[in-house]
Amino acid sequence: MNQANQASGQQRAFGMKDKLAYMAGDMANDFSFIMSANFLMLFYTNVLKIEGYIVGILFLLARVVDGFTDIGMGRIVDTIKPYPEGRFRGLIRRAAPFVCLSGFLLFLHIVKDWDYSYKIIYIFVTYIFWGSFAYTAVNIPYGSMATVISAKTEDRSSLSVYRTVGANIAVLVISFGIPLLVYREIDGKQEIVPEMFTYIMGAFMIIAFIFYQVCWRCSTERIQIQLEPETPKEKKHCFEDIQAIFRNLVSNFALQIFILVAIVLLLGTLLVNAMNPYLYVDYFNSKFALSIGGVFAPIAVFAMAPFAQRWVKVYGKKESASVALLVSAIIYFALYFFHITNVWVYLAFVFVALLGIGYFNVIVWAFITDVIDHQFLKTNKREDGTIYATYSFARKLGQALAGGLGGVALSLVGYQAHVSVQSQEVLDSIYSFSNLAPAISYLIIAILLKFVYPLSKDVVLKNSEALEKLSKK
């Protein structure tokens, strides 16, 4: 059995250095993750001229591979012998170069001149290597590391806030800057400059590598997980141990529901992000509106962050988040039915909707900590890496479904990447899909949190008290 002990008192106390280091890690992750989520489908369809349904197949296939690599990496995190710099920090240090190199290879503009069959091979090899292997190898230990940086609930909550802030700084830079840099106006229409994707991604990956160094060098693993030596008999039946872990995960209803929430959340959010270039540039004919719409999401997060801890304390996580997401769903339904043609009126409504989503994103990682603690109290085993890997896989599945459905939707509405002007019927279909998809997604999440997710404010408080009693034994 794994036992978690408080590290030596000689270590420096938890503080701002840990928060900034953890924030840097998420910024590093998101310079490839957000670029992939927001612009990779656009790069594939409009630069490489690959059909949308093929991109959708790629994203779905990659998630099948992730089902093995994510869980496998989670088990490595939970069982590997610690490196001199620490179990989690050591893995981040060693995986970072591969993430940055493979992230850069996703956006090579020279591939546009290759034969179509070679383009297909290129996107399948580079995307699966980046997402299923390199990104997984750094993201699983990074996400799991929060549980060993500090044992205190308030410290973990602050890490969640700083992680969210870091993610949204990356989103802000990418969402605002990329449209202004990769588009140019030709004969009144916005055209893509292919080589800009490659140059920008190269710069981003250099910055990401630096941030990864900050993350592992400046953070401290205070909770040391000691592994008891395995007997030959135990090693022989390791597969049974893995089966037992999955049985524990299946028995954790809170984890099951939050995995479903994660899939639907990513599905709604990333569908919007994937469709935004087509909505703003093709429907509204405004790359500037695309930039403005892109910065609204991080601004909404920054606006909600100061209120998050108080609202969670007063109302509870699931209680307050369900109301916020219900408001967002109602606004997107209104946008769908009224079919707004003025881009600035549309953006105003979108910003209000994003406030609800932004609030949920501020506190989402605190939900994961609650789920991990709930699992520990049920099984008396620390399986942080496995649980986080399961959640990470759910997020990737949501990302794949969003990319897959986005690609399929583009094909179904008749979008033609080879023509400069789409028909009005196609444009109207893009608008409808871009608003109805998030409306339905956020409504489903609000219902799940309010009526199905079991970790209410009272339950979380009881779990916290139980953990505090255990720590004093």
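Note that Cβ sites are derived from N, Cα and C of the backbone, with glycine treated the same way.
Residues or ranges marked as transmembrane segment by TrEMBL: 50-71 (among others).
Residues or ranges marked as transmembrane segment in TrEMBL: 91-110 (among others).
Annotation comment: TrEMBL describes 116-140 (among others) as transmembrane segment.
Positions annotated as transmembrane segment by TrEMBL: 161-184 (among others). Sequence-distant neighbours of the transmembrane segment (161-184) (same chain, 6+ residues past either end, Cβ-Cβ under 8 Å): 19-20, 22-27, 29-31, 34-35, 38-39, 146, 190-193, 196-197, 200, 204, 277, 280-281, 287-288, 290-295, 297-299, 301-302, 305, 308-309, 361-362, 364-365.
For 196-215 (among others), the entry in TrEMBL reads transmembrane segment. Here the transmembrane segment (196-215) has long-range neighbours at 20-22, 24-25, 27-29, 31-32, 35, 39, 43, 47, 92-93, 96-97, 99-101, 103-104, 106-110, 138, 142, 174, 177-178, 181-182, meaning same-chain residues at least 6 beyond its ends whose C-beta is under 8 angstroms from one of its own.
Tertiary proximity for the transmembrane segment (253-276) is limited to same-chain residues at least six positions away from its ends with a CB under 8 Å from its CB atoms, namely 37-38, 41-42, 290, 293-294, 357, 360, 364, 367-368, 370-371, 374-375, 387, 390-391, 394-395, 397-399, 401-403, 405-406, 409, 430, 433-434, 437-438, 440-442, 444-445, 448-449, 452-455. Annotation source TrEMBL lists transmembrane segment at 253-276 (among others).
For the transmembrane segment (288-308), the list of distant contacts is 38, 161, 164-165, 168-169, 171-172, 174-180, 276-277, 280-281, 343-344, 347, 350-351, 354-355, 357-359, 361-363: same-chain residues at least six beyond its ends, Cβ to Cβ under 8 Å. The transmembrane segment annotation in TrEMBL covers 288-308 (among others).
Per TrEMBL, transmembrane segment is recorded for 320-338 (among others).
Annotated transmembrane segment per TrEMBL: 344-368 (among others), in sequence order.
For 400-418 (among others), the entry in TrEMBL reads transmembrane segment.
Per TrEMBL, transmembrane segment is recorded for 430-453 (among others). For the transmembrane segment (430-453), same-chain residues at least 6 beyond its ends with a Cβ under 8 Å from one of its own Cβ atoms are 254, 257-258, 260-261, 264-265, 267-269, 271-272, 275-276, 278-279, 282-283, 318-319, 321-323, 325-326, 328-330, 332-333, 335-336, 339, 353, 356-357, 360, 405, 409, 413, 415, 422.
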For the transmembrane segment (116-140), which stretch among 50-71, 91-110, 320-338, 344-368 has the most Cβ pairs under 8 A?
91-110
